[in-house]
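Trainee: Okay, so Swiss-Prot annotates it like this:
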| type | residues | note |
| --- | --- | --- |
| ACT_SITE | CYS1123 | active site, phosphocysteine intermediate |
| BINDING | CYS1123, SER1124, ALA1125, GLY1126, VAL1127, GLY1128, ARG1129, GLN1167 | substrate binding site |
| COMPBIAS | 760-771 | compositional bias 'Polar residues' |
| DOMAIN | 911-1182 | domain 'Tyrosine-protein phosphatase' |
| MOD_RES | SER314 | phosphoserine |
| MOD_RES | SER461 | phosphoserine |
| MOD_RES | SER486 | phosphoserine |
| MOD_RES | SER591 | phosphoserine |
| MOD_RES | SER593 | phosphoserine |
| MOD_RES | SER594 | phosphoserine |
| MOD_RES | SER646 | phosphoserine |
| MOD_RES | SER833 | phosphoserine |
| REGION | 744-775 | region 'Disordered' |
Amino acid sequence: MPFGLKLRRTRRYNVLSKNCFVTRIRLLDSNVIECTLSVESTGQECLEAVAQRLELRETHYFGLWFLSKSQQARWVELEKPLKKHLDKFANEPLLFFGVMFYVPNVSRLQQEATRYQYYLQVKKDVLEGRLRCSLEQVIRLAGLAVQADFGDYNQFDSQEFLREYVLFPMDLAMEEAALEELTQKVAQEHKAHSGILPAEAELMYINEVERLDGFGQEIFPVKDSHGNSVHLGIFFMGIFVRNRVGRQAVIYRWNDIGSVTHSKAAILLELIDKEETALFHTDDIENAKYISRLFTTRHKFYKQNKICTEQSNSPPPIRRQPTWSRSSLPRQQPYILPPMHVQCSEHYSETHTSQDSIFPGNEEALYCRSHNSLDLNYLNGTVTNGSVCSVHSVNSLSCSQSFIQASPVSSNLSIPGSDIMRADYIPSHRHSTIIVPSYRPTPDYETVMRQMKRGLMHADSQSRSLRNLNIINTHAYNQPEELVYSQPEMRERHPYTVPYAHQGCYGHKLVSPSDQMNPQNCAMPIKPGASSISHTVSTPELANMQLQGAQHYSTAHMLKNYLFRPPPPYPRPRPATSTPDLASHRHKYVSGSSPDLVTRKVQLSVKTFQEDSSPVVHQSLQEVSEPLTATKHHGGGGGTVNKRHSLEVMNSMVRGMEAMTLKSLNIPMARRNTLREQGPSEETGGHEVHGLPQYHHKKTFSDATMLIHSSESEEEEETLEAAPQVPVLREKVEYSAQLQAALARIPNRPPPEYPGPRKSVSNGALRQDQGTPLPAMARCRVLRHGPSKALSVSRAEQLAVNGASLGPSISEPDLTSVKERVKKEPVKERPVSEMFSLEDSIIEREMMIRNLEKQKMTGPQAQKRPLMLAALNGLSVARVSGREDGHHDATRVPIDERLRALKKKLEDGMVFTEYEQIPNKKANGVFSTATLPENAERSRIREVVPYEENRVELIPTKENNTGYINASHIKVVVGGSEWHYIATQGPLPHTCHDFWQMVWEQGVNVIAMVTAEEEGGRTKSHRYWPKLGSKHSSATYGKFKVTTKFRTDSGCYATTGLKVKHLLSGQERTVWHLQYTDWPHHGCPEDVQGFLSYLEEIQSVRRHTNSVLEGIRTRHPPIVVHCSAGVGRTGVVILSELMIYCLEHNEKVEVPTMLRFLREQRMFMIQTIAQYKFVYQVLVQFLQNSRLI
């Protein structure tokens, strides 16, 4: 041969060497094994060989992966020949064994060996830095790992071996001294876990890792259909998409995905419910093929094994059931009740103890969670908004139930109690969108009484979670000294030294779950004879009774003893402190949308009953229904009124009463006491009549008249007693069992509207149809001394008179359903119940009477109309006489003087001069964090940034290592009351997760948005909450999932209920979103009264949320106010509310001084002279409304 090559001539063919190959597999404990396979062997065969060596039976959770030629981790296709696959794609024939399919709960893993390998995998994920965790979590995990790997600390003479053991993630670069300090902390953590078995420590380690961000996720860089670079990820719940800065934009659940395919370099996600396809682009075709194949494999696995694929309109919380005992842990753990005696229909086999868990859950496991409620609940069963935690995991499901019942708390804010109590009710997230907020509807007595008539369930088969459903055990009654006031405020004025005192320090302390669930905060015994909270609900109010031996029962105590204990009686009477139901159905806007919001927490506790709570309902309805028979009018002789009068007779009496009252306007009206009488009333003479006070508020305890207790008499008679100068309405009656049965059929319907222009009513004023303000209440002076008993108007008479025009605010679909139900009901069932819903013909007749009397009134008679309206609405004012009154009269500035001063400034142009003299920002302001280059894109307008000393600081994250958000703390003290706001810009598309992080960390419950999403064709604020009616009505922003529960449009503003869930901890919170939508693109709103109604809605919701949080937090959380840049309209809202507070409480009104003070906390507050002038217009309108009171 010319080249000197030698050919072998043995002619032997090595068959064995051609048909077999050896591959190496690195295990999770870093050991490497070799496996001899044939060239035709698949990856599945190799995996089974590895599992045989590890004694694994549950191999379907694991897989094999390799490093590609581009050093990317790639999973082996188990069904294809392994050698061919590795030769084509792998960098070297080295495989890695690992967990391919993560699970949301380690309890799914049945085998001990499986759990051990799973533990090795999650520990490897932590140590390699694939999961983000804080130093505290690193120490805790390291301590558990040492306990799992080495056992108890006392087996070693010292902890020196820890220096050679890998304890911390690879990316945790630290100095030697800091590393030594961390090692010592790990040694202490290891010592604290002494006595825990290694297997238990492994499970505890896994449980801790499951809460970390990024657990079980694989992420691939792709581009969306718009060409934006995003991360396409996959985990056990589905497929998610987030942008490069980390904000999670959307999650596609496994049940929503039809298929995953690829077309060249594009990946297509075909959705089932929507006729659309999500499209993503990769770098090359092979990448797209691999990702689509991987996603298809995961999709098939999780759907076949029914993991995170339950039917739900929103991603459910991950519920974990620990399979080990935590009794040896040194840290306090949330109290978890074991699943005992759970009986459920075969539709669902999972029991949720979450208060919002009314949707079917997983079909294969029984999970229990104690703190996944919409509102915070205590360990002893008391919840902060006046309810008792419904612990469904213990005896709370009967065999007849086919769905998970909700707690009496309005956790699902959009589902009324009447629907939940129906046996055929199927929860639907999508159909709950038209329901009004939880603080507006009233208890459905018809349903409650109907169930009560069917009889009580046996004690052993009842749900014990609601047996201690008593008003005394709610949070409202845990603090009986608190008063809830309506607008205008009537509370005592606090002494003050400085008009606007600035809070210098801004401490940001996060509320830990242990703080939120501290049972000591709610274990407040109720003393006999303590003051009660006043009831103010839309239907006849829940009357109080004398407190007799009240005892504080907790849910945990009741569950422990399995005893039925009836609730204690209601506390002793107290005057109402809110004006109930002055809001008619809205057409354009309602000024003061919900006056009865402030005490709605009391109503919520009797709103959504289970069958075993009927004794409470029975006791309440006995008191509620008494005034229904107490209708009288002045001018007729004493007669007997049968309690089973028809509707027409009672309505004629009502109209007669009103007509006689109108005719007697020339007679001065005496005082009406607002306190209910404890015993038989005795009429004495000497009603001294006093004139009306000046146009300013007297600080009294009540603006509404409460119910009157009936006597114990068996007589069904009503005696008419007339005072010389006053139309008297009195009653001394008891009703029979027949009437109670009739009351049980009362349909709790809101009254229909007038067929003409709708009236809009505020807490402070009623407006005529023409738009001119009408007085809503008049104040009569009441004597403290004197033996005479007071006169009172019952609530039934108020409802009869006001029923046509003054009803609860409901949504239009609800009104339609009410009308349909009216048509279906037979005429013979109309007595008494129709008091709550007058028919159209009666409404027309009453309108005619009102119009005729209105035309007759002239001169001095017209001036007395405010007093008449107050009387017809059952309103009176008890002004306490004495030295205190003299002091207030001497110091109070009449409303007319303040009104003239404000108008004079507007007319003389002094407002412009004031505004020009106020500096735009603080002279020596520091903006060090805001001006950092990495934070420049986080501000909408780079010239508008927060001061360093009072900026809102977020907990730093990997994406936001400075914790920056363009938001400022605004703290003002006026008259001894501290006001705390957070003024911020509207979130940008890439800062929505920062916004929700701020809301969560600052404990915010109310968000006031003073802009539309788009104005004049320009985007004013990115939408940072999900639209109602969209798929799932929920969206995920970083670590937070936001779900829209309801939306109520009130003309110039919209009220939205949101549920915010922290994905890592599973905790949830209710957030009210109030959006003002009538601000024009240029200028200011023309409808000043509408803007006032928006401010009143903010006040109402604030009072509601603060009352819910009483006892949990020492200070009320701030309100987030934002517009586009967070300075112009935001400043208008804050300044207007503060100045209105000054007017209400007779504080000195200095608008320019307050604005200067606000600008020292956030620059450019109120950007234009038009906005500054608008604040004055709001104050003028407020005073004009107040003049009529």
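Each Cβ is built from the backbone N, Cα and C atoms, and glycine gets one as well.
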Trainee: Quick one: give me the count of other CB atoms within 10 A of the CB of ARG1129 (substrate binding site).
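Mentor: Excluding its own Cβ, ARG1129 (substrate binding site) sees 26 Cβ atoms within 10 Å.
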Trainee: Among the binding-site residues SER1124, GLN1167, which residue has the fewest other Cβ atoms within 10 Å of its own Cβ?
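Mentor: Counting other Cβ atoms within 10 Å of each of the binding-site residues SER1124, GLN1167 gives the minimum at GLN1167.
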Trainee: Taking DSSP as the reference, which of helix, strand or coil describes VAL1127 (substrate binding site)?
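Mentor: DSSP call for VAL1127 (substrate binding site): coil, neither helix nor strand.
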Trainee: Please report the distance from the Cα of CYS1123 (active site, phosphocysteine intermediate) to the Cα of ARG1129 (substrate binding site), rounded to the nearest angstrom.
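Mentor: Just about 6 Å between their Cα atoms.
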Trainee: List the residues of the same chain that sit at least 6 positions away from ALA1125 (substrate binding site) in sequence and have their Cβ under 8 Å from its Cβ, in sequence order, or write 'none'.
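Mentor: The list for ALA1125 (substrate binding site) reads ARG940, ILE941, VAL944, GLN985, GLY986, PHE1164, GLN1167, given in order along the sequence.
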Trainee: Within 8 Å of the centroid of the Cβ atoms of CYS1123, SER1124, ALA1125, GLY1126, VAL1127, GLY1128, ARG1129, GLN1167, which other residues of that chain place their own Cβ, given that this set defines the recorded substrate site?
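Mentor: Result: VAL944, GLN985, VAL1010, THR1011, HIS1122, THR1130, GLY1131, PHE1164.
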Trainee: Among CYS1123, SER1124, ALA1125, GLY1126, VAL1127, GLY1128, ARG1129, GLN1167, which the record lists as binding substrate, how far apart in Å are the two most distant Cα atoms?
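Mentor: Across CYS1123, SER1124, ALA1125, GLY1126, VAL1127, GLY1128, ARG1129, GLN1167, the widest Cα separation comes out at 12 Å.
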Trainee: Using a 10 Å cut-off, grab the number of neighbouring Cβ atoms around the Cβ of VAL1127 (substrate binding site), all chains included.
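Mentor: For VAL1127 (substrate binding site), the 10 Å Cβ neighbour count is 27.
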Trainee: For GLY1126, GLY1128, listed as binding-site residues, tell me which one has the smallest number of other Cβ atoms within 10 Å.
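Mentor: Checked GLY1126, GLY1128; of these binding-site residues, fewest Cβ neighbours within 10 Å: GLY1128.
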Trainee: Give me the mean pLDDT over the domain 'Tyrosine-protein phosphatase' (911-1182), rounded to a whole number.
Mentor: 92
Trainee: Going by DSSP, is GLN1167 (substrate binding site) part of a helix, a strand, or coil?
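Mentor: SS state of GLN1167 (substrate binding site) = coil.
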Trainee: Over all shown protein chains, what is the count of other CB atoms within 10 A of the CB belonging to the residue listed as 'active site, phosphocysteine intermediate'?
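Mentor: The residue listed as 'active site, phosphocysteine intermediate' is surrounded by 25 other Cβ atoms within 10 Å.
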